[in-house]
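*Asks:* So that we are looking at the same thing, I have put the structure below in structure tokens.
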């Protein structure tokens, strides 16, 4: 018969199975409908016993089957709340109900399918219970931690096979039953959740890189990151990693189930995010992390979206007036000045709308390009006056290579007279500020249309087209802001060379960026125009003369005659960029997208004769592809839709606030609707991105004193294994050194030096150097100062004052050497005392302790110091100085070396703690070390724990020292 207190697996199974059988028999003995309360209590007990039986059976299967157990990798798809300890009991109870003919509520079809499997599970489990009961009666070893079964017995082999069958059936039933009860992810959904985890991890790494979050927050598992990371992941998934798991262009059923309910609002958020410039996006991300107030005028700071530095800004009005000196018409000059000032003050909302209208007009005019070629320069010239249309291909992603992107070289609003020439790369993403400032130029041109003629517009049109092609290192014919922000983007052309000319920035353009941050940008509209211009550009358009790509045209240059404007352009180039330009035609490029390095340096704004350009333009426009009009219609529709969405907001602050509310709302809904999945993802993200755990530093038992104190090593270093004295919380004052002391001693003309190792006797090797130096030009009776050059970890809390100023003699030095030898003998006695701690003989320990304490180096050193003071007192001159010195405390005996009290020899237990004496370093119990006294010689002015013997001795020695000091003070005052 099995004992109730037997802890072996078979015995535990026997008692649990017997209790389960008793409860089941009681349930079958009465009608549950007549006594519902009793039935409820018994059912609860039944399920508890089922859990216990299955838990023990699972342990037996783990030991017997081992690796032959059926895999349960499908549990990774289960919700977190399903994986509980009593899951096995619930499955057994459900299998019995299904086998008895019951059905799961609202799951009749699934119940019918699972009923045969449930019957097989209950039958297999009953067979396993019978076989295990037999083994309990045959092969049980009381209190055995392992099973002791007879492997040659047929019943053991039968038990092994029955357990394998039950394990397979139970795993299959677990998957079917849980899938019928709760929603279980499919393979695709599980993979999408893993991709969401990757997105969260990439988002966190990006936030750490640009300074939105700190690594300390990740290491500390800051709860605020549970809200910040999902919010930032939505922004990054829609804009930065637009082709990732939050790609809204894919069908809705392919999205992760976490974001599938929010697909509509996520599309709207994406459209608004694409209209943000670099600073606005950074402010939004910062707002999502910190909930700070929106301030679009603050510089970006440390962000992957690099902002132009403040020193690049210049005054556009001053720059524009410098080139007005060469204008051939006063009216043209005033128009140029108005253009620049309007760039600063005109609102960007109306300009954005007019830009879209220009795109629509251009689409309509493309159909009539053959019949009316004279109207095309005006329309296209107005459309081309936006640098973002031609410069978006120069943008890079936050994770792109650090090679500086070429600066756009066709800003019509700024002038060629730049105050500074910057070599910093331009801002990433899209240049919304440049778009705004050039939209203002369009308005000015509309107000004064008579100031420019057709020839100037025709010439400027082709020059701007060539400038866009040559100044752009990336040629992206059909793109959007999403794939512009893809990480690790490589140039799409094989002629991309980051030359020094490509790095020159435009001060005028960057100055407008700082002044127009509040104006809404129209990135989508500008992108549409970029695609349109690249489709309309043909190979013959690259026949134009080439110039520096960083030269920026002023608005007044469009209003001048070709000859006058050409002269001013050359003069501005020579003045600000210090380059020489030839006014001859360059060779024609065989392919428009394969410009050489030298050609890219010379392309694209130098003027040519309008008579030569006009026939080529007519030929190019006549041979345009008819498909450009249809594709342009789609691009313009997209641009108008995105721009119209932004125009609904009064200011940038309103737009950012609306985005914050929407993004935070979606992210917070994930906390409620998908709490389990979000917890799993965040747990994985934290584990992947936390700092590497520091390797455990194994602290050796024998800590070298060189790691703790600065001392001069010698053969007299003692008790290295007992360096635990500096680990005490009671001796915090002891291990923190104070300032070193300087001993003064008089000397004659004879230069003598002697190292006095008095500190070695204190087991901390406080080495004191006493060097007698002669005083130059002083009489024989003059005093010289002997400095203490090396006192290791000296304590000077200043309770003992030692007057040690006297003339040294050869006899005194000999006396010190004798004292040193005597102290070394005392050290050996102290070492023997420490080695005899574990002695079981109280008499020997006490005798050793008493003898060592009487011959303590402390008292020896104190006596030597008193003898030195008494000897020096008779020869002390009137000019003697007094300093103080304290000793190092003795080393503590490690706890492991002291199993018993060193006084009463009582063994230490968990309740009888060890206590160290601060005076001798010994280990005592609380009774033998219940005394306390100050130890001024160690710098301990407050009362600390000491043993009884040290207390009696220190009190007596303290009284003696005080008497000697009082006598010395009286003598000093009398002298």
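Counting starts with 1 at the first residue shown.
Yeah, the Cβs are placed from backbone N, Cα and C, and that goes for glycine too.
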*Asks:* Of the ranges 504-523, 524-543, 644-663, which one does Swiss-Prot list as region 'Disordered'?
*Replies:* 504-523
*Asks:* With helix taken as DSSP H, G or I, strand as E or B and everything else coil, how many residues of the zinc finger (895-955) land in each class?
*Replies:* 14 helix, 18 strand, 29 coil
*Asks:* For residue 928 (Zn(2+) 1 binding site), find which of the binding-site residues 920, 947, 950 come within 10 Å, Cα to Cα.
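*Replies:* Taking 920, 947, 950 one by one, the ones whose Cα falls within 10 Å of residue 928 (Zn(2+) 1 binding site) are 947.
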*Asks:* At the level of the C-alpha atoms, what whole-angstrom distance separates residue 920 (Zn(2+) 2 binding site) and residue 901 (Zn(2+) 1 binding site)?
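*Replies:* Distance (Cα to Cα, whole Å): 14 Å.
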*Asks:* Taking the recorded Zn(2+) 1 site as 901, 904, 925, 928, identify the other residues of that chain whose CB atom sits within 8 Å of the mean position of the site's CB atoms, giving them in sequence order.
*Replies:* 900, 902, 903, 905, 906, 924, 926, 927, 929
*Asks:* Between 928, 947, which of the binding-site residues has its C-beta surrounded by the fewest other C-beta atoms within 10 Å?
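*Replies:* Result for the binding-site residues 928, 947: minimum number of other Cβ atoms within 10 Å at 928.
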*Asks:* With residue 904 (Zn(2+) 1 binding site) as the reference Cα, tell me which of the binding-site residues 917, 947, 950 is the closest one.
*Replies:* 947
*Asks:* Please report the Cα separation of residue 925 (Zn(2+) 1 binding site) and residue 917 (Zn(2+) 2 binding site) in Å, rounded to an integer.
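*Replies:* That separation, Cα to Cα, works out to 10 Å.
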*Asks:* Residue 950 (Zn(2+) 2 binding site) to residue 901 (Zn(2+) 1 binding site): how many Å between their Cα atoms?
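*Replies:* Rounded to the nearest whole number, the Cα-Cα distance is 15 Å.
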